[in-house]
Amino acid sequence: GTTPNSEGWHDGYYYSWWSDGGGDSTYTNNSGGTYEITWGNGGNLVGGKGWNPGLNARAIHFTGVYQPNGTSYLSVYGWTRNPLVEYYIVENFGSSNPSSGSTDLGTVSCDGSTYTLGQSTRYNAPSIDGTQTFNQYWSVRQDKRSSGTVQTGCHFDAWASAGLNVTGDHYYQIVATEGYFSSGYARITVADVG
C-alpha cells in the first residue's frame, strides 16, 4: 500500500507528500524537521519537510540517509505562483541526471560545487493548482552529497541571470525525496540556518 497524499504542518515544519499511487511507498513524519520515505514497485512520488511560504533566499541545512535504486532526486524543491513554477535544487540523484531533458542554461558556482542550470516545460501535468502547463527550473549539483547547506539565493540569482522569472509568490519550500519507477529509502532532517 501507499501513504495517502497529504500536506500541512507537522511539529513546526511544513510537509508535502504526493504519489500517483502506482507503487508501494510509505511517508512518515518524524519529530522536528525529520521525515522518512520507503518506496518501491513503480510509480512516481515526492515528499519532504520544510517551510511555507518559501523564500528566494534561505539557508537550508539538510542531513541524513539517502539510498536510491534507480531514478530519484534529493532536492530543495518548491513552487511559486504568478508565474506557476516548479523548481529543483538537486543535491543528490540516482541513476539519471534529472536535468538531462532540459534546456541548458550554463553553470553556476554555489554551495561549494558547480551546478548545471536548466529549464524545461511540463504540459498538462500535476501541479499545486491541479493539471497545468508550467515551467520547471533546475540547478543540479555536480559533486553529489546527502548533507550540507544550500543557500537558495545563489540559485535563484543564477536563474534570474539566465533570464528566468523568479518573482513569483512562493508556496512550500521543502527538502524533498522523489522517486520515479524506482526504489529506495530516505531519512532526512532539515533546518533553517539563516
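Here the Cβ of each residue, glycine as well, is placed from N, Cα and C on the backbone.
Feature annotations, reproduced from Swiss-Prot:
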type     : residues      : note
MOD_RES  : GLY1          : N-acetylglycine
DOMAIN   : 1-191         : domain 'GH11'
ACT_SITE : GLU86         : active site, nucleophile
DISULFID : CYS110-CYS154 : disulfide bond
ACT_SITE : GLU178        : active site, proton donor
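Here the features listed in Swiss-Prot are placed on the structure.
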residue	record	CB count, 10 Å
GLY1	N-acetylglycine	7
GLU86	active site, nucleophile	22
CYS110	disulfide bond	19
CYS154	disulfide bond	16
GLU178	active site, proton donor	26
Rounded to the nearest angstrom, how far is the Cα of CYS154 (disulfide bond) from the Cα of the residue listed as 'N-acetylglycine'?
39
At the Cα level, what's the spacing in Å between the residue listed as 'active site, proton donor' and the residue listed as 'active site, nucleophile', rounded?
13
Can you check what DSSP calls GLU178 (active site, proton donor), collapsed to helix, strand or coil?
strand
Which whole-number mean pLDDT does the model give the domain 'GH11' (1-191)?
97
